[in-house]
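Below is one structure, written out as C-alpha cells, with a few remarks after it.
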Amino acid sequence: MEREKMLTFISGGARSGKSTFAEQYALQIRTETNKDHDKSLVYIATAERTDQEMEQRITRHILERSSVWYTFEVPLDIESVLLTVRDHKIILLDCLTVWLNNMLYKGQADLPLILDEVSKWIQITERKQLHLIIVSNDVNEEIPTDSHFIHQYIYQLEKVHSLITANANSVYQVIGGIPIKWKG
C-alpha cells in the first residue's frame, strides 16, 4: 500500500498574508480530517530570538495563535521535529526563507546539501503520513540587486521552491491576503 504524502506550499511577498492563510488552511484541514485524535497542530517556527524586537514579534505571534498549536522554535534542524512528531500530524513550517537564511549564515550554503535536507523532509512526510505546510517568501519578485550573495540566495531559494512544488499536492501564492491556487 502506497503511503499518502500531503505537502502544501504557500508563498507570498512580505506581509502578504501568507502565514495567516497557512494557519487558516491548517485549521481547515484539522476540521475536515479525523486523523489526529488530540486535534493539536504543530507549528515549526524558524525565526531566532536575536533581539528585543524579534522577541516581541515571536511572543505576539504565539499569543495570536490559538491553544491548538504546539510550537517548536527550530532555526535549522527541521528533520528532527518531523521525526519526533506522531504520524498523521498537521505541521506548519514558517518560514522556509528564514530557514535557508539560517543555513547560509551557519556556513551550510552547499546547494546539494540543502536540497538533500529538504528531500528528507518530503520523505519523512510521506513515510509518517504527515500533512506538511511550508510557507516561504517570493523574493525573486523584488527590486534587482547587484549583491552576489543575494543572487546566490535567490537562486538557491528558487531551487528549493522548485523541489517542493514538484512534490507538493497543493501550491498557493498569497497576494494582498488573497490566496491563488496554482496546483492541486
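Every residue gets a Cβ built from N, Cα and C, even glycine.
Curation does not apply to TrEMBL; its annotations are automatic.
Taken from TrEMBL, the feature active site, GMP-histidine intermediate covers His61. The Cβ of His61 (active site, GMP-histidine intermediate) lies under 8 Å from the Cβ of Ala45, each of which sits 6+ residues away along the same chain.
Here TrEMBL flags Gly12, Gly13, Ala14, Arg15, Ser16, Gly17, Lys18, Ser19, Ala45, Thr46, Ala47, Glu73, Asp94 as GTP binding site. In three-state terms derived from DSSP, Ala47 (GTP binding site) belongs to neither a helical nor a strand segment and is classed as coil. The 10 Å shell around the Cβ of Ala47 (GTP binding site) contains 17 further Cβ atoms across the protein chains shown.
Here Lys18 (GTP binding site) comes close to Ile10, Ser11, Gly12, Val135, Asn137, Val174: these same-chain residues lie at least six apart in sequence, with C-beta atoms under 8 angstroms from its C-beta. A C-beta separation below 8 Å, combined with a sequence spacing of at least six in one chain, links Asp94 (GTP binding site) to Ser19, Ala22, Tyr43, Ile44, Ala45, Thr46, Val135. Packing around Ala45 (GTP binding site) is summarised by its Cβ count: 19 other Cβ atoms lie within 10 angstroms of its Cβ, all protein chains included.
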